[in-house]
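Have a look at the structure below before the remarks.
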Amino acid sequence: MNYLPIFVDLKNRPVLVVGGGHIAVRKIDALLKAGASVKVVAEKLHSSLQSLTDEGKVEWIAKTFEANQVTNSYLVIAATDDNALNQLVFETAESQQRLVNVVDDQPRCSYIFPSIIDRSPVQIAISSGGAAPVLIRLLREKLEALIPPNLGAMADIATRWRSAVKTQFPQLTQRRRFWEKLFTHQSFQRLTENHQIEQAEALVEAELHNNNPVLGEVSLVGAGPGDAGLLTLKGLQTIQQADVVLYDALVSEAVLELVRRDADKVFVGKLAGKHSVKQEDTNQLLVKYAKQGKRVVRLKGGDPFVFGRGGEELEILKAENIPFSIVPGITAALGATAYAGIPLTHRDHAQTAMFITGHLKPDGNRLKWETLAQGNQTLVVYMGTIKAAELSAELQKHGKPSDTPVAIISNGTLPNQQVQTGVLSELAELAEKAPTPALIVIGEVVKLQKDLAWFGKEAVQFVSTQETLWQKPTLQNKETHWKQAA
């Protein structure tokens, strides 16, 4: 972080601006909005700046710059086209330990002005530290369109009612739920949009004395296969509204970073053969937190309804009359294979894709090997590495060719993703070397992986020339390269 983002109270504080042209006018405009006492040094003034001086809003203190003008200044701005003068202002301010900004000259700035989206009292400041001002301008335009104009009115009302809400709801969780409910209330939004402030405040008072108990709820959210960019928009919104997040071992650190900072995060992870938290205990925690009136998220790797025991957890919640919702996620069979360059279906290789788990309940039904061994299909096995030897043997026993292509994708979609490929007879050996969590893919589509890999260390390397002529890819030292045409 090259700059510390801070908001400064400039009300009635002296700010020195050296320069009287149109650039100085833009800066002075912002300073006046912040309540600063602006003093200008310039040989002559821009017409609009002259008007501000005539109105007594700005003080024109001198035509030439002197070092003593900096002494009592809170901030200093140099906004001239005279490079030597700008340098003098910068050096003088630095020597007196005053924060100084030389406009459009980043090396001579001890502070910079961000781009501002103003919905006072709500303000959003964005900056690239001077690296890409055009990019920041485009971003600001998008944010201006996204952020409602009534945000300031909503914040003003919240300021006036903050003390009363704190008295009515002494617990932080209660207050948070009240404000979230109010700010998303359609009538409240409509009234503030229409500048009907008295009616909006009447609605606040009515909601404040609404004695209906706050019901807890549980949302099952699919965290996706690992890459935080694959988390759905609704999933992101839900985890940022949660009071408590119960997460498992397959949820990546990048996704956990997106959880609201003050939410309680409870690990309820389990790995095949290494249960650290029993499923029954997880179920009871969901019930417990929901009955405390909290907004609970059960955050699961992949999709909650694909080998995630989501159905089992919802049955418990249903029995306890606890409201629930489901936010689907991208399951590993879709995300990891896509990042590995393995299409699940292909007209030449597979017309069916089948997902199975290698981690069955001890008393569960056996797999239908005859069905799994059929051709023209892709078989994806979750949590299957510890059963790789049995999987390989049974599939071959039931007619699957021993040279059927297989892949094991470890840490799919993450920067440390690894893809090992081989044939069915080698599956057990490959599984022993594969880091977990891992996904097994069996089928002819695996043949395409070397040509279609695009992510991570195994990605196809495209080597360009001016002619952009290419030959087919060849394998060299177990890496895929595109050979430049002669």
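Yeah, the Cβs are placed from backbone N, Cα and C, and that goes for glycine too.
Features of the protein shown, as given by Swiss-Prot:
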ACT_SITE  Asp248  active site, proton acceptor
ACT_SITE  Lys270  active site, proton donor
BINDING   His22, Ile23, Glu43, Lys44  NAD(+) binding site
BINDING   Pro225, Gly301, Gly302, Asp303, Val306, Thr331, Ala332, Met383, Gly412  S-adenosyl-L-methionine binding site
MOD_RES   Ser128  phosphoserine
REGION    1-204  region 'Precorrin-2 dehydrogenase /sirohydrochlorin ferrochelatase'
REGION    216-486  region 'Uroporphyrinogen-III C-methyltransferase'
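Secondary structure from DSSP puts Gly302 (S-adenosyl-L-methionine binding site) in a beta strand. Between the listed binding-site residues, namely Pro225, Gly302, Gly412, the fewest other CB atoms within 10 angstroms of a CB are found at Gly412. Here Ala332 (S-adenosyl-L-methionine binding site) is compared against the binding-site residues His22, Ile23, Lys44, and the shortest C-alpha distance is to Ile23.
With a 10 A radius on its CB, Val306 (S-adenosyl-L-methionine binding site) counts 19 other CB atoms from all the protein chains. Fewest other C-beta atoms within 10 angstroms, among the recorded positions Glu43, Asp248, are seen around Glu43. A gap of 67 Å separates the Cα atoms of Glu43 (NAD(+) binding site) and the residue listed as 'active site, proton acceptor'. When the alpha carbons of Pro225 (S-adenosyl-L-methionine binding site) and Ile23 (NAD(+) binding site) are compared, the span between them is 50 angstrom. Local packing around the binding-site residues Ile23, Ala332 was summarised as the count of other Cβ atoms within 10 Å of each Cβ; on this measure the leading residue is Ala332. Lys44 (NAD(+) binding site) and Ser128 (phosphoserine) have their C-alpha atoms 33 Å apart, to the nearest angstrom.
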